[in-house]
Amino acid sequence: MSEVHQESEVEYSRWKRERSPERSQRRSQSPPGEQSAYHRERSPLRKRGNYYDDRTRASGPYPTFTKPLIDPYTQTNAVSYERFIRWYSKENHISATTEDLYNSLHGTYNNYKQDLYARTARSFVESHCDEAWFEDSYWVDESQGRVLEVSENEKSYRRALYDKFMDRLDAGYYDDFQLPTAEDVIEKPSIPDNDTDDSILPSNDPQLSKWNQDSRNDAMENTLLVSHVLPNISVAQIHNALDGISFVQHFSLSTINLIKNDERSLWVHFKAGTNMDGAKEAVDGIQLDSNFTIESENPKIPTHTHPIPIFEIASSEQTCKNLLEKLIRFIDRASTKYSLPNDAAQRIEDRLKTHASMKDDDDKPTNFHDIRLSDLYAEYLRQVATFDFWTSKEYESLIALLQDSPAGYSRKKFNPSKEVGQEENIWLSDLENNFACLLEPENVDIKAKGALPVEDFINNELDSVIMKEDEQKYRCHVGTCAKLFLGPEFVRKHINKKHKDWLDHIKKVAICLYGYVLDPCRAMDPKVVSTSYVSLQILNKPYVGFRNINANYTFPTTSYSRRNDEEITSGASSQKSYSRQEPMIHRREFYRTYQDLDAPNQEVPELDY
């Protein structure tokens, strides 16, 4: 045999599969079955229905995923009314939450929210007191040359509004003025189509009343809108930019929007007869700051809104008399502030007595005259002073007011036989407290609101940085300073001389905090105002077009409103909140369908469920 053939045979035998040995001769790494601890065998076959018999069971109870009931008074964000009730029931050992308990805790919940506002006021002021928008609103210090005074342009703007209102009053324009009742309000879809034509709406719709429509036209006349004004732009910068334009009558700013990157809206009001095209060219391109240039547009007012209903208690005889006194005081306050004639209240009352149309109505209440007079007084404050009486909020212009309440208010008839609810009493009490903050600030319990008088606040801060170490050893603890002195009076002199910047900052915080808590409609942290967890998430996200959480969709009240919470949640979230009663046809858009995404007009197929 050749040598090559022999090598191939060896290679073949190397990879050739040999026959397995006998079972008794096979080698195994495991010991034989007879020597093992147990005899291995196949488990018996089980029937189809008993395969759970020999399975091990979970030990112990299943874990619960409910959130713990934390004390709301220890948190810096608001909790919902339902969660507050559950915590209250647990703390007071109430076994079940009944409907009576649900309706009786409005006062307790309102006290909790007032305490929350007081606890978070100082931290909010300290974080925003150095911003321009906050300084313009609350920092009043004559030693620093900061005095809040009304400009001559604004006085002339108010005088023009006053003259227009009085001319209409003398011409009989307000002789039949009356707020719509709840029966007059026509229900419309909450989110109407954008293609809806206002001209096809019913003529008796309160939104299209002559007073409301004329108010809209007056607000948008000779006005341009500048959106997204940054918070670091001060009123002085706007004055320097616009005062040099001869045909600019007045400008106004909206309240700051803490959801939309602290942005504001600016409205520029021009004198009558101004060419708006030329005015737009003159205003556009003006640089207010290094990072902001004016780009104006036509003003906008929200549409498709309902009048906000006022609580029934406002129409009772005693409440109406008290509100009339407050209305007259607010009218006198506006006359003094804007240098207007002080006979407005008397002229309105005389006109209503002599020329008001009195329709025959059997259901007319006994205080019908007082109700109409109070409504006309409130309309005067709304049109001239741009002051919303029912929310105690002051605006800089009429168009700024219409952004929050474009359709005004509606009244409910008071039923003497009906018991006044706790929610209405709370609303009236809060309204009177807001009036006191504006009319009698010296009589307000400022400590309960989270502030102190300016001098007391400064003294408390000085005492907190003066540490007594021995009988004649007092140390300064301002920042990194650690100097020793013989007495506290020497430490105070040292702080006045060496730490003047720190002392000026403390004084600024004290002044701003005092004015901030006395403002009934002050801007607050959204997590303090809103109980929606969605709002807590979007605070750390850039603005992507969310609706303003602070907008008033129902009558503003400090008590709980389930509808208001749902609207806040749906407004702050980009996804619609789920409702169990919602029909399937409205939720169809959330389900995936096998339609052509390139065909936007393709209809959703009808599926047989």
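Cβ coordinates are placed from backbone N, Cα and C, and glycine is handled just like the others.
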From the list SER28, SER561, pick out the residue that Swiss-Prot labels phosphoserine.
SER28
Pick from 162-187, 214-239, 266-291, 474-499: which range has zinc finger per Swiss-Prot?
474-499
Which residue counts does DSSP yield for the zinc finger (474-499) in the helix, strand and coil classes, in that order?
11 helix, 5 strand, 10 coil
